[in-house]
Amino acid sequence: MALAKKTIKKVVLAYSGGLDTSAIIPWLKENYDGCEVIAFCADVGQGDEELEGVKEKAIASGASECYVVDLKEEYVKEYIYPILKTGSVYEGQYLLGTSMARPIIAKAHIEVALKVGADAVCHGCTGKGNDQVRFESCFAALAPELTVIAPWREWDMVSREDLLDYLAERNIPCAASLTKIYSRDANAWHISHEGGELEDPWCEPSKEVWTMTVDPMDAPDVPEKVQLSFKEGELVGIDGKDFSQHGAGAYEALMYLNEKGSAHGVGRIDIVENRLVGMKSRGCYETPGGTILMAAYKGLETLILDKESLKYRESVGLEFSHVIYDGRWFTPLAKAQLASAASFAEKLTGDVVVKLYKGMAQVIQRRSPNSLYSEAFATFGADDVYDQKHAEGFIRLFSLSSRITALSQKDSLKDKAE
């Protein structure tokens with residue numbers, strides 16, 4: 001392999017503690033002339049269980065050291081909240097839980113690499129997935145001078161058995177089992193599930209797929225209401241508790257909503273999506289807190305933004321969903337779209353009540369000092385602010401283009417009848 005002959009002195013590996021990245025450490029040292037391997041692990045809220053013993057595992061696999069970087073608060077505050085303001089939902093369903101975590105992980109990865117003086121970075125993404133593109137696009141934007149190593153595009157190993165044998169031959173301990181049914185990825189926003197029976201789109205997900213939320217059928221029979229308070233587009237309170245930067249903070253707010261939503265089976269989706277690399281894939285996602293937050297935020301938008309502003313913000317959200325999914329966070333386009341969404345969010349101050357019940361998160365109350373809703377205008381009864389006779393002129397002008405088209409093309413119903 002020509003690429004493997006390139007001189008690399010020090011490489012920083014994005015390390016999870018799993019089978020793949022545990023095998024990558026000795027592979028790097030063997031294929032890149034005994035280079036020093038430093039492990040980097042990003043804590044984006046995947047849970048203590050996932051991070052338990054990760055430093056020890058990395059050292060046991062051959063890494064010289066392991067950096068575990070706590071990114072939880074920054075992730076929610078600087079990535080999730082700005083994306084929330086765009087209203088981005090990929091292909092109408094997916095709340096982008098995996099995609100939105102990649103930019104901050106890539107940034108922290110590069111920061112560690114520059115700190116230790118590495119000349120390369122390495123990831124464990126497969127050659128079929130989206131993440132290889134997302135990470136490497138971010139690397140290119142942040143540190144184009146660094147070499148990127150992607151073992152799954154180089155080595156000959158193709159199965160979990162191959163990886164386990166590789167580690168066993170080198171007497172490297174690994175607790176991974178030969179049979180792993182599902183591939184999962186978790187962070188503060190969500191958890192994703194792929195593989196196993198999910199590879200057949202006609203197969204219903206088993207109960208074992210879902211690990212974060214209660215089955216909606218088993219959720220409480222009594223609904224629960226959650227009140228969210230926003231200030232200039234930022235979540236600052238839930239049920240009267242301060243979650244602003246002066247209070248418990250953004251990460252704790254999301255954890256609170258995750259707990260509430262999970263108990264009521266909120267946030268489950270089972271979708272087939274179009275991958276960036278061209279193929280379709282099926283995934284099951286659990287985003288309980290995010291589903292509540294998105295419902296509340298959009299509920300506030302409908303109360304405050306005028307029609308044309310909301311229409312434009314929705315167009316930004318549609319385009320930005322692809323920007324995030326494709327890994328283009330560190331681009332001028334992303335910066336412009338985030339700024340646009342943030343400008344609309346400045347008006348979004350108010351309270352929203354969301355009812356949680358057996359998988360449903362429904363907005364049932366909303367109020368704001370910036371509300372454009374006027375009961376006087378909206379009523380169907382008599383009022384002093386809107387003369388219904390004025391509608392006739394509006395309708396005539398609104399339908400003028402249709403009238404002209406019909407007259408010029410003889411396309412009216414009368415002409416057709418004749």
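Positions of Cβ are set from backbone N, Cα and C atoms, glycine also.
A quick note: this is a predicted structure, and the numbers were derived from the prediction, not measured.
Cβ neighbour count for SER16 (ATP binding site): 20 (other Cβ atoms within 10 Å of its Cβ, all protein chains included). Positions annotated as ATP binding site by Swiss-Prot: ALA14, TYR15, SER16, GLY17, GLY18, LEU19, ASP20, THR21, SER22, ALA42, GLY124.
Marked as L-citrulline binding site by Swiss-Prot on the basis of sequence analysis: TYR94, SER99, ASN130, ARG134, SER183, SER192, GLU273, TYR285. In the three-state DSSP reading, SER183 (L-citrulline binding site) counts as strand. Using a 10 Å radius centred on the Cβ of SER183 (L-citrulline binding site) and all shown protein chains, the other Cβ atoms total 15.
Its Cβ placed at the centre, ASP131 (L-aspartate binding site) has 21 other Cβ atoms within 10 Å. What Swiss-Prot records for THR126, ASN130, ASP131 is L-aspartate binding site.
Here the CA atom of ASP20 (ATP binding site) lies 10 Å from the CA atom of THR126 (L-aspartate binding site). Rounded to a whole value, the Cα-Cα separation of ARG134 (L-citrulline binding site) and ALA14 (ATP binding site) is 14 Å.
For TYR285 (L-citrulline binding site), the same-chain residues 6+ apart in sequence whose C-beta sits under 8 angstroms from its C-beta are TYR94, LEU95, GLY97, HIS190, ILE191, SER192, HIS193, GLY267, ARG268, ILE269, ILE271.
Among the binding-site residues SER99, ASN130, ASP131, GLU273, the residue whose Cα lies closest in space to that of GLY18 (ATP binding site) is ASP131. In terms of C-alpha distance, the listed binding-site residues ASP20, SER22, SER99, GLU273 place SER99 closest to ASP131 (L-aspartate binding site).
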